[in-house]
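A short write-up of the structure that comes next.
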């Protein structure tokens, strides 16, 4: 048996089944769907941030427009309200959307489970406090002479609560499923509508008791809250979420999955990617709003904007190489793949060439996005290119994605063009080897 056959056998019989099972895990898929459901909210927030941070408000800039500067100053508090009402309480929405996706998987009531999850998360993470209505607060909130006001501690409702939000979603749905599975029977004398109402109350009651017990134990015996412990996990994620090593690990994982034939390869990586890029994006947005330096690299559409130029494997360069070759069969694949590839959709080239399970393309398919990532990482690290502050829809062409998400930095599309040329040069010799194999066969 040749080395190629041994590799194929190992991938097909050992690696692919494990990776496919991992990629189709119900919890992983639910978390991913939960994050994807937040995309309109995140993109809307990004649009407002872009509108109010165009390069016309800095008096030291040649493009300075006084009217625009006055406009941004006047409406600043209103547009920051958009940020505070979206990213500022994003964990509540994530808890709701993740539970919705998991309930749909189990064919349970999506609305009931979503409310149950959000309720549990708020109960565990948002303390209600009664404080004195000082003069400043009284004026700002129009309290009309009230001496005491009730406030909610919202520190853990933003991205800091992501870990707890996901845990609440999974646990609450599983409790609801257990109650349904037990199938509590009521006397026939009780009307069906009332019985159903009582049945829906049970998981809320159980979860309420569970959350109260957790709050009592953590506050009385550990002088802390469960949200603060979850925050420690978050801080660990935050510490590693912006590292080049993590980015390379994710790219290896995703592309090995793709190469093994798992079309849901990105699902596994997304469990790591989505929290990391959302956390870092919100930190950059907060810094931009408050006039501070941007610090996070692995944020927003870092992958789709700068790494996946043409989709997984950064195959747009390969599309161009195919269009320029003399082999009619290969050229036709390039023609079919070029338009979808511009929008980061590359299934035609992955399965038409094929690249999947084709040892000839293993090295460029794995290494090209990693090389893109290393170059992009240091371009951001050295402040050659402005860091990402806005999220874009994933099919947005890379050159436009990069330009807009970096608040219209002209250096970003120049970087994309350089990466595209590098991708082409990497894929070209391997395409020639592939064409020779076709001729020999």
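One is the number of the first residue shown, and numbering goes on along the chain from there.
Glycine residues also receive a Cβ, built from the backbone N, Cα and C atoms like all the rest.
The shown structure was predicted, so the numbers you read here are calculated from the model rather than taken from an experiment.
Pulled from TrEMBL, these are the features on record:
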type     : residues : note
DOMAIN   : 11-430   : domain 'PTS EIIC type-3'
TRANSMEM : 33-56    : transmembrane segment
TRANSMEM : 76-96    : transmembrane segment
TRANSMEM : 116-137  : transmembrane segment
TRANSMEM : 157-179  : transmembrane segment
TRANSMEM : 200-217  : transmembrane segment
TRANSMEM : 237-259  : transmembrane segment
TRANSMEM : 271-289  : transmembrane segment
TRANSMEM : 305-325  : transmembrane segment
TRANSMEM : 361-380  : transmembrane segment
TRANSMEM : 400-427  : transmembrane segment
Fill in: Same-chain residues near the transmembrane segment (200-217), Cβ under 8 Å, at least 6 residues beyond its ends
109, 112, 116, 119-120, 123-124, 171-172, 175-176, 179, 184, 225-226
Fill in: Stretch of maximal Cβ-Cβ contact with the transmembrane segment (271-289) [cut-off: under 8 Å; candidates 33-56, 76-96, 157-179, 361-380, 400-427]
33-56
Practice prompt. May I ask for the residues of the chain that lie six or more residues beyond the transmembrane segment (305-325) and have a Cβ under 8 Å from a Cβ within it?
Written response: 251, 254-255, 258, 265-266, 331, 333-335, 337-338, 340-342, 344-347, 349-350, 355, 364-366, 368-369, 372-373, 376, 388, 392, 396, 398, 401-402, 405, 415-416, 419-428, 431, 435
Practice prompt. Using a Cβ distance cut-off of under 8 Å, indicate which of 33-56, 76-96, 237-259, 400-427 has the most pairs with the transmembrane segment (361-380).
Written response: 237-259
Discussion item. Let me check one thing: do the transmembrane segment (33-56) and the transmembrane segment (400-427) come into contact, meaning three or more Cβ pairs under 8 Å with sequence separation of at least 6?
Written reply: yes
